[in-house]
């Protein structure tokens with residue numbers, strides 16, 4: 001009897017010890033998680049991520065950007081001091097704010113079965129009856145400062161239809177040989193206010209979205225080991241990868257964190273998983289940025305002489321002045337006069353063949369944009385692919401600065417797309433430079449914490465289970 005009592009007492013004491021072990025283990029886990037959150041108060045461990053304070057961080061990307069003529073340090077400095085502030089102002093001017101696009105096209109490769117789960121997927125356009133009569137008249141000044149309110153109380157939502165008649169005398173209507181869109185059929189085109197339709201998370205996910213990128217990479221710019229490819233064969237993959245990285249950064253930077261409260265912010269976990277944890281993707285972002293910058297600087301004389309007339313003299317003068325400031329900035333000319341050297345490409349016996357193959361592949365990628373099932377994603381996909389196609393057209397149409405001034409012809413839509421693309425890349429580079437290193441450290445610290453928590457729970461769980469049995 002006494003032995004039985006002693007056995008029960010021993011079991012009770014053993015159970016108590018195990019219970020305390022469970023308690024202390026769980027407490028330690030909670031403290032560890034809290035410490036991680038305290039060290040990074042603005043990072044959520046469970047997916048909802050708010051703004052991260054930027055601070056000076058040691059950068060992991062240094063030296064010359066591969067296949068370019070400018071280093072990371074210079075690219076970041078010029079972006080911060082010259083390009084980013086100028087481009088932010090430029091894309092808000094009437095000339096660069098409105099983009100003409102064909103949004104309703106059949107996919108040439110498969111039936112369009114894409115579905116979006118958010119209203120943010122759609123492009124906001126003004127019905128014709130909301131347009132001020134002044135905007136509809138072909139030869140009157142547009143975009144007055146007292147324009148009537150349109151679309152959710154936002155006056156900038158009204159699309160200035162007079163642009164078709166006034167704004168772009170001297171621009172060509174010739175199609176771009178690098179892209180698939182037919183810009184000459186105005187009946188199928190519509191104007192979209194880019195400021196009213198920002199590139200952001202739309203809820204466009206699933207097989208339809210994955211199929212687009214799978215087709216882009218697997219069929220048109222497959223990745224091979226770098227040592228097996230010449231620079232020409234690496235070009236298209238790096239450009240598309242850089243563009244893809246920039247798109248992912250913008251989606252993560254303006255993400256729907258809570259649909260119930262319509263709370264938007266930065267999803268740094270997504271940004272890390274999609275871009276920052278892969279150094280090659282970051283390097284390709286910088287490559288694409290410098291490639292497009294070179295296209296803009298190469299066509300400086302052409303862009304300086306072009307008309308930026310929307311019927312609003314003040315805003316048009318501002319656009320022209322900002323273009324000149326950007327193209328002829330002394331810091332840019334001194335620090336990185338040749339961001340990318342296109343003269344080195346397409347040489348040798350295989351040069352023309354490789355160029356034609358790259359052009360055909362890029363045209364296919366351009367056509368794939370009609371297969372994007374999300375309207376807003378299609379808008380930004382078309383704009384940025386057209387911008388990249390314009391950069392390819394500028395850099396590889398003619399050799400030499402003098403020849404390009406004499407022979408280059410650009411659509412106004414190409415220039416709008418080119419400048420807006422450079423702005424999107426500039427924003428992405430700025431984010432990576434200012435916050436990338438901090439985000440990487442935080443995510444790596446968290447990823448190291450959770451395996452520890454998992455192991456701890458595996459050791460504790462048998463004890464807790466025995467107490468319940």
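Every residue gets a Cβ built from N, Cα and C, even glycine.
Cβ contacts within 10 Å of residue 374 (active site, nucleophile), excluding its own Cβ and spanning all protein chains shown: 25. Look at TrEMBL and you will find 374 tagged as active site, nucleophile.
According to TrEMBL, the feature active site maps to 377.
Annotated FAD binding site per TrEMBL: 200, 202, 213, 241, 244, 274, in sequence order. Other Cβ atoms within 10 Å of the Cβ of residue 244 (FAD binding site) number 19 in total over all chains.
Annotation source TrEMBL lists disulfide bond at 116-121 (among others).
TrEMBL lists 374-377 (among others) with the feature disulfide bond.
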200, 213, 241, 244, 274 filtered to the binding-site residues whose C-alpha is within 10 Å of residue 377 (active site): 200
Residue pair residue 241 (FAD binding site), residue 374 (active site, nucleophile) - Cα distance, angstrom, rounded: 21
Binding-site residues compared (213, 241, 274) - the one with the fewest other Cβ atoms within 10 Å: 213
Candidates 200, 244, 274, namely the binding-site residues, that fall within 10 Å of residue 374 (active site, nucleophile) by Cα distance: none
